[in-house]
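Undergrad: Here's a structure for you.
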Amino acid sequence: MRIRLEVAGDGISENTPTQTTAYGNMTAVPTIREEVSKEIPSLPSRGRADLTSDHSVTADEERDIIRDPEGPDEEVFPEGGLRAWLVVLGSWLALFSSLGLMNSLAVFHNYIGTHQLASYSHGTVGWIFSVYTWLCFGGGLFVGPLFDKYGPRWLILSGTVCLVVAVMLLSICTDYWHFMLAFGVLNGLGASLLFTPSIAAVGHWFKERRGLATGVASSGGSIGGIVFPLALNGLLGRLGWAWTIRIIGFICLAFCGTANLLIRSRLRPALNATARPDFRILRDTAFALTTAGIFLLELALFIPITYISSYMVHEGFSTDQAYQILAILNAASVFGRVLAGWWGDAFGPFNSNMLAVVLSLVACLGVWLPAGSTLGGIVVFAVLFGFASGNNISISPVCIGRLCRTQNYGRYYATTYTLVAFACLIGIPIGGEIITATDEEYWGLKIFTGAMYCTSLLALWAAKVVCVGRRVLAVF
């Protein structure tokens, strides 16, 4: 069973000769399969009739509801309260560990590339971190649908085990394949098992304030990106590699262990949920363009995050300054993530995301390219880029949620970030090869990053046009 919605003024029409029932300024036009209506005497709340069938929802049916994903008979979300904010806290703790390590890639890349793996090129070392980010996002192909079907509990527990074991193994790595297996593979799997359900669980407790709640939870990754680089900078000289990494492992154990107690889902699993991915939803033009925009955005985003410390060392700055600049970038990212949620709720997630992309363009081509060799220039770049990238990371999942039902969010999120994972897989090595091709200069890297942001902006703008037309100021 599916319900088509007509919203006054939106220009959506249905030429189906069926009975209509008015709900204020909205009209529901049901097309009823008799066999389903006999089995189900009453509809669940918020017009989720299509979720009660034992049959999978087709891509065409998904597109029928994508512009108004929840329906007129709206499910009531808590939008706050102790239980809801404890879930946000649990997500914050899980993302502190998983995204905190991801936001510290520049420090790991610089240290490993100048110590254990000093004989390898930038691009070769970069593959370790690209595999890590690829698995973190690509694992959503399976983790998202599993969340829809079973909830977060076992996913969070499995992610905790993988991440903590990976960090402890990282402390004893010496060869390239050690780092690839420990940091690249096992840590990537653990991050994926933590990242996807942590973001998705927040959406079960918030709708109107979902952007703000997601931004608060995502800020954990930025705080982790401040703490971990400063800890590495302060402890490596005194304790050495092994015990410094073990201390980080114990921090992750404490934080992720607490997250296991706090993160819970609220909505019942969708009856049509499946652990099998379904790429048919990419037939929707708006969703496909949104996915393309996020793909290009993430391709650009991880290049400065990974290479900014190596860049500063190349420009003659001290190692302390090279590590501290990453903390500055992530500190600015905290504000970007939290404010992104507020802006997304007030002005629309797509508008917020596109404004952040414009700011990233200004940071890369207007500051980093001409003035990145000066301390003042690189600090300004770190602040602008950190703020903008925090906004992008926080609000991009909300853009996906704007195009689907809450109970199917895991599947949509998984589809997007499975493809985005390949951007993460190729972006960091491409950046390393560009550095090598330009004789260890970084001007080519800066231009490439700016070009990717430009094309991302075009894709996100096109997705908005598909949904709301050419209304430039439309809240979307």
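Just so it is clear, glycine is given a Cβ too, placed from its N, Cα and C backbone atoms.
Just so you know, TrEMBL annotations are computer predictions that nobody has curated.
What TrEMBL shows for this protein is this:
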- 43-62: region 'Disordered' (REGION)
- 47-62: compositional bias 'Basic and acidic residues' (COMPBIAS)
- 83-476: domain 'Major facilitator superfamily (MFS) profile' (DOMAIN)
- 84-107: transmembrane segment (TRANSMEM)
- 127-147: transmembrane segment (TRANSMEM)
- 154-172: transmembrane segment (TRANSMEM)
- 178-200: transmembrane segment (TRANSMEM)
- 212-231: transmembrane segment (TRANSMEM)
- 243-263: transmembrane segment (TRANSMEM)
- 284-309: transmembrane segment (TRANSMEM)
- 321-340: transmembrane segment (TRANSMEM)
- 352-371: transmembrane segment (TRANSMEM)
- 377-400: transmembrane segment (TRANSMEM)
- 412-431: transmembrane segment (TRANSMEM)
- 443-463: transmembrane segment (TRANSMEM)
Undergrad: Sort out the residues at least 6 away from either end of the transmembrane segment (284-309), same chain, that have Cβ-Cβ distances under 8 Å to it, and list them.
TA: 59, 62-63, 66, 102-103, 105-107, 109-110, 122, 126, 129, 133, 137, 322-323, 325-326, 329, 350, 353, 357, 360, 364, 368, 378, 382, 385, 389, 392-393, 396, 399-400, 403-404, 412, 415-417, 419-420, 422-424, 426-428, 431-432, 435, 442, 445, 448-450, 452-453, 455-460, 462-463, 466-467
Undergrad: Select the range from 84-107, 154-172, 178-200, 321-340 that forms the most Cβ-Cβ pairs under 8 Å with the transmembrane segment (127-147).
TA: 178-200
Undergrad: Can you see whether the transmembrane segment (154-172) and the transmembrane segment (243-263) are touching - at least 3 CB pairs under 8 angstroms, only pairs 6 or more apart in sequence?
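TA: Yes, the transmembrane segment (154-172) and the transmembrane segment (243-263) are in contact.
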